[in-house]
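Novice: From TrEMBL, here are the annotated features:
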type: BINDING; residues: Cys96, His99, Cys167; note: Zn(2+) binding site
type: DOMAIN; residues: 26-202; note: domain 'GTP cyclohydrolase I'
type: REGION; residues: 1-23; note: region 'Disordered'
Amino acid sequence: MDAVVKKFPDISDERRDERPSRAEAEAAVETLLRWVGEDPTREGLRETPARVVKAYEELFGGYRQEAGDVLGRTFEEISGYDDMVLVRDVDFHSHCEHHMVPIIGKAHVAYVPDSRVLGLSKIARLVDIYGRRLQTQESMTAQIATAIAGMLRPKGIAVMIEAEHMCMSMRGIRSKGSLTVTTSFQGAFAEDAELKGRFFSLTGHRV
Ligand SMILES: Nc1nc2c(ncn2[C@@H]2O[C@H](COP(=O)(O)OP(=O)(O)OP(=O)(O)O)[C@@H](O)[C@H]2O)c(=O)[nH]1
Ligand SMILES: [Zn+2]
């Protein structure tokens with residue numbers, strides 16, 4: 001597998017060949033500026049297409065990373081610890097795939113180790129990778145759970161995302177402040193109601 005293929009794991013070969021140039025991306029931003037009624041030649045906007053493309057590189061940088069890039073190392077020395085490991089309140093920003101408008105929220109990620117654990121920061125890195133792609137909240141929740149399952153084979157995984165979708169607050173229904181909650185429970189968390197209940201209470205929710 002060559003380096004380019006690895007950097008864009010979710011894009012088919014055909015689509016990757018069609019990836020537009022930076023100049024084409026900047027021209028597309030200029031078109032949008034004209035479409036909203038702006039004059040892209042005025043001083044304040046002259047550099048905007050280049051800035052937007054640069055910002056998109058950062059905001060959508062998750063397409064150039066894979067879960068394996070960050071979850072690579074696991075640790076086995078846990079002195080027999082066998083309860084849940086929970087990293088909660090991981091702030092993230094993403095963009096909805098329907099409107100390309102921000103999703104802002106928190107992820108709570110827990111697992112019960114079998115023999116190995118992850119470095120704690122790697123969970124936040126995983127949330128960041130999937131956040132920096134176009135998403136639905138459901139897909140992002142499932143992708144985090146699947147990546148941890150594949151890397152760690154733990155006894156159980158719980159992922160909860162609570163997020164505000166700006167496409168619901170800034171436009172459309174304009175329902176400001178509503179939170180969408182999605183969950184994925186696997187293994188011990190799906191089978192053991194007491195464990196699931198502790199996940200809810202540790203993340204500040206009533207069962
Ligand atoms: N299930 C799901 N829906 C989402 C997510 N993000 C945005 N949406 C919804 O995607 C839907 C797209 O609906 P459409 O009717 O095709 O688009 P629209 O006319 O812009 O819809 P409105 O937002 O109702 O104005 C909307 O109901 C959004 O609220 C998400 O992460 N998951
Ligand atoms: Zn949307």
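Every residue number used here counts from 1 along the chain in the order it is shown.
In case you wondered, yes, glycine gets a Cβ from its N, Cα and C as well.
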Novice: Around the Zn(2+) site recorded as Cys96, His99, Cys167, what other same-chain residues have a C-beta within 8 angstroms of the site's C-beta center?
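Specialist: Here the nearby residues are His95, Glu97, His98, Met100, Val101, Ile103, His165, Met166, Met168, Arg171.
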Novice: Are there residues of the same chain, six or more positions away from His99 (Zn(2+) binding site), whose CB falls under 8 angstroms from its CB, and which are they?
Specialist: Cys167, Arg171
Novice: Based on DSSP, name the secondary structure state of His99 (Zn(2+) binding site): helix, strand or coil.
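Specialist: SS state of His99 (Zn(2+) binding site) = coil.
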Novice: Just to be sure I understand the packing, how many Cβ atoms besides its own are within 10 Å of the Cβ of Cys96 (Zn(2+) binding site)?
Specialist: 18
